[in-house]
Amino acid sequence: MRIGHGFDVHAFGGEGPIIIGGVRIPYEKGLLAHSDGDVALHALTDALLGAAALGDIGKLFPDTDPAFKGADSRELLREAWRRIQAKGYALGNVDVTIIAQAPKMLPHIPQMRVFIAEDLGCHMDDVNVKATTTEKLGFTGRGEGIACEAVALLIKATK
């Protein structure tokens, strides 16, 4: 078994909506990013890549490459997952924690789980997504941006 941890953060800027966990969420602010700014899928992709010792999302999909400008993070996750499977790993489970004062994530979490399970080809029981605030402390608490942490467990695939 191998464990990976991922973290991502994006500042608010411009107009919404935002995309978190593959879900388009109405919000007056957008997220500043080279891709679609999906902090949940970026953190998850990093956790999976880390568990497989395949580097990180910035190495695979550099923000200096114009090909990834505005990229759909679900596509990036699926490509990373293909590489991880090619290395002989299967999914144990993933756990994602979104850190945001606003907007409220709870109504969107079921669809996030559906999208992540689809992208990883796994059962929804293998995907957990939750959200928390920082009780108005720090940059997320002041409403300056959104952060996310993710943990992934990989197991050697059986043939």
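Glycine too: its Cβ is placed from the backbone N, Cα and C atoms.
Feature annotations, reproduced from Swiss-Prot:
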{"type": "BINDING", "residues": "8-10, 34-35, 56-58, 61-65, 100-106, 132-135, F139, R142", "note": "4-CDP-2-C-methyl-D-erythritol 2-phosphate binding site"}
{"type": "BINDING", "residues": "D8, H10, H42", "note": "divalent metal cation binding site"}
{"type": "SITE", "residues": "H34", "note": "site 'Transition state stabilizer'"}
{"type": "SITE", "residues": "T133", "note": "site 'Transition state stabilizer'"}
Sequence gap of 6 or more, C-beta under 8 Å: which same-chain residues meet both conditions with respect to S35 (4-CDP-2-C-methyl-D-erythritol 2-phosphate binding site)?
H42, F61, D63, F68, K69, G70, A71, D72, S73, L76
Give the sequence-ordered list of residues that share a chain with H10 (divalent metal cation binding site), lie 6 or more positions from it, and have CB atoms under 8 Å from its CB.
L31, L32, A33, G37, V39, G145, I146
Within 10 Å of each Cβ, count the other Cβ atoms and name the one among the recorded positions H34, H42 with the highest count.
H42
Show, in sequence order, which residues other than D8, H10, H42 on the same chain lie with their Cβ within 8 Å of the centre of the Cβ atoms of the divalent metal cation site.
V9, L31, A33, G37, D38, V39, A40, A43, I146, A147, C148
Just name the winner among D8, D65 (the binding-site residues) by count of other CB atoms within 10 A of its CB.
D8
Would you mind ranking the binding-site residues F61, F139 by how many other Cβ atoms sit within 10 Å of each Cβ and giving me the lowest?
F139
Which of the three DSSP-derived classes (helix, strand, coil) applies to H42 (divalent metal cation binding site)?
helix
May I ask for the distance between P103 (4-CDP-2-C-methyl-D-erythritol 2-phosphate binding site) and H34 (site 'Transition state stabilizer'), taken between their Cα atoms and rounded to an integer number of Å?
21
Relative to the Cα of T133 (site 'Transition state stabilizer'), which of the binding-site residues D8, D65, F139 has the closest Cα?
F139
Cβ neighbours within the same chain of T132 (4-CDP-2-C-methyl-D-erythritol 2-phosphate binding site) - under 8 Å, at least six residues apart:
T97, I98, I99
Spatially closest candidate among D8, D65, F139, the listed binding-site residues, to H34 (site 'Transition state stabilizer') (Cα to Cα):
D65
